[in-house]
Amino acid sequence: MTPKDVLQIIKEKEVRYVDLRFADTRGKEQHVTVPASTIDEAAFEEGKMFDGSSIAGWKGINESDMILMPDASTAVMDPFFDDPTLILRCDIVEPATMQGYERDPRSIAKRAEAYMKSTGIADTALFGPENEFFIFDDVRWGANMSGSFYKVDSEEAGWNSEKVYEDGNIGHRPGVKGGYFPVPPVDSFQDLRSAMCNTLEDMGMVVEVHHHEVATAGQCEIGVRCNTLVKKADEVLLLKYAVQNVAHAYGKTATFMPKPLVGDNGNGMHVHQSLAKDGKNLFSGDLYGGLSETALHYIGGIIKHAKALNAFCNASTNSYKRLVPGFEAPVMLAYSARNRSASIRIPYVMNPKARRIEVRFPDSTANPYLAFAAMLMAGLDGIQNKIHPGDAMDKDLYDLPPEEEKAIPQVCYSFDQALEALDKDREFLTRGGVFTDDMIDAYLDLKGQEVTRLRMSTHPVEFDMYYSL
């Protein structure tokens, strides 16, 4: 789609406003809305000025002017606003150089794709994330000097089987780890998920599947067709936006938080990925799991740099409450065909053109631009340096003898450990100027503040363990 096409859409659909969107460092969508009458072809060359100092982890107030540069290919109508509004995703551009801002996540993702092409290894990287989420009826939390708490509720939750309702208790509910995946009325979110899928398709995505997930209390998943790196990261933001707003319209609240419930499965973002060149899938071969040597080396790079990748792929303190044994979360850095206890799975496919790997440890607190770019850079490092991942692990990794378990590397056990790993293992990310040391340092500082805030906060469980000592 070209700027002329966008202007034609504005005319045909009688668009009143254009919503300029971008992702901050944390991956949260930000937006500023302008009248459609202010958008012309020059807007796609000159952009729109804005104050970058208000975005956490970006510029100081003394050098705050930045440019939102709309990408015409991302134009899509917003399905939620009252007035006809067109969404345009933007890159963040430095006014002095008119180049992508080095801390802009989308610009980093673009540089990763460009670097991949410059190596000659591949011309296409495909990503297919599976974003899991919960749908709750009520959520409350507080954290201040007088105390801290959180409370979630869902009419579907197993803990409500004994609750007295004015109109009677519906009775049909998935229990703990019982949501995957009985038909309605046990699955009470069929119609809501379908409404979400309808919205996603109206916004240009190709929905492949939707279903209830394992956990009680409304855990769900919507599968969307894979896409190239930057386009798929764009789609992840649109998917989260659509899911949360459709839930809101139904009087519900949706969250992609990795571990909102204690004692049941958390929300992951398993990321399927593959490389191609001249239309040929480079991951398809005749080695283990139908993989090529290139794919095995890509896996080797992911495993080698996994702890640094955790900083981008599991980008919250809450992420590491999910990455524990016993809840289908992959903590072992191993690969296997069809074995979901390994952190990297090779899905079974009939068509070699669909051959891919699935990296299972990420979650949706990741900024998709940064996470996908970082995984691509790790995989390329594995290919360039012929890093073999070792033998596949086809046994149940959740039930290993202690001596075998110790021999297998694991993902980080905390966010601060992941940030330390990123600080020490960053060279593979800075090749080709994809990530810069300045960006990584700013990310470490921003995320370190989250670690410090939680570390300094008294937790209710501490009262349970220590109050009476």
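Each Cβ is built from the backbone N, Cα and C atoms, and glycine gets one as well.
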Co-listed Mg(2+) 1-binding residue [Swiss-Prot; alongside E130, E358] among H31, H212, H270: H270
Recorded positions near G266 (L-glutamate binding site) (Cα-Cα within 10 Å), from E130, E221, R340, K353, E358, Y398: none
Cα distance (Å, whole number) from E132 (Mg(2+) 2 binding site) to R340 (ATP binding site): 16
Residues in the domain 'GS beta-grasp' (13-97) grouped by DSSP into helix, strand and remaining coil: 16 helix, 35 strand, 34 coil
Shell list (Mg(2+) 1; ref centroid = CB of E130, H270, E358; cutoff 8 A): G128, P129, G268, M269, V271, H272, R345, V359, R360
Neighbour count (Cβ, 10 Å) for H270 (Mg(2+) 1 binding site): 21
Fewest Cβ neighbours within 10 Å, where candidates are the binding-site residues E132, E208, E221, E358: E208
Conformational class of K353 (ATP binding site) under the three-state DSSP mapping: helix
Intrachain C-beta neighbours of S274 (ATP binding site), sequence separation six or more, cut-off 8 angstroms: A125, L126, N281, L282, F283, A295, R355, R356, I357
